[in-house]
Amino acid sequence: MDDKTCPVCKLQFSRKDVMMRHHRNKHGITEPYPQSSHEDPPPPPQREGTSPPPPPPPPPPPQRGDQQLPRNEDMPPPPPRDEDTPPPRKEETEHFVFKHPFTMTVSGPTSCGKTFFVKQLLQNLRLIQPTIHRITMAIQTLATTLRRNYKRRLDHMLNLYKGYQLI
């Protein structure tokens, strides 16, 4: 009997763990499903004097001229670009300079890198010309060491609000 078939109702499942959960929940059987005593069947014997075929070689890397990917016939062509449209952006911004006047809002879900971004920004204040006059942070808690360090190092220009609402 297949080990993915329920022994009680003969339903077949795609995975053994799904069948075991069904077996436990639908039939009220708390004891584990009896495991088969046989192991996986051995591979078929090789004929004498033959060896298994070697794996196929990996495809060659693309040459410099072959950079374009093969196009699928069903895919529409890319839209034409206007002269006013900037070229596609790279995945990473290598360098940028902030110019005044600007207001920056850093927001995002938990663990998305907001604190890391602000830390990098504050460690590289030379990127902002003229220098910063005031930093306002609305944070939920002052518990993290990094936020305490902000307050200690930048107290002369930092307005720190605890909680999400600015008072």
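Cβ atoms here come from the backbone N, Cα and C positions, even for glycine.
In TrEMBL this protein carries:
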| type | residues | note |
| --- | --- | --- |
| DOMAIN | 4-32 | domain 'C2H2-type' |
| REGION | 16-92 | region 'Disordered' |
| COMPBIAS | 42-63 | compositional bias 'Pro residues' |
| COMPBIAS | 80-92 | compositional bias 'Basic and acidic residues' |
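Each residue in the domain 'C2H2-type' (4-32) gets a DSSP state, and the totals come to 12 helix, 2 strand, 15 coil. For the domain 'C2H2-type' (4-32), the model's pLDDT averages out at 82.
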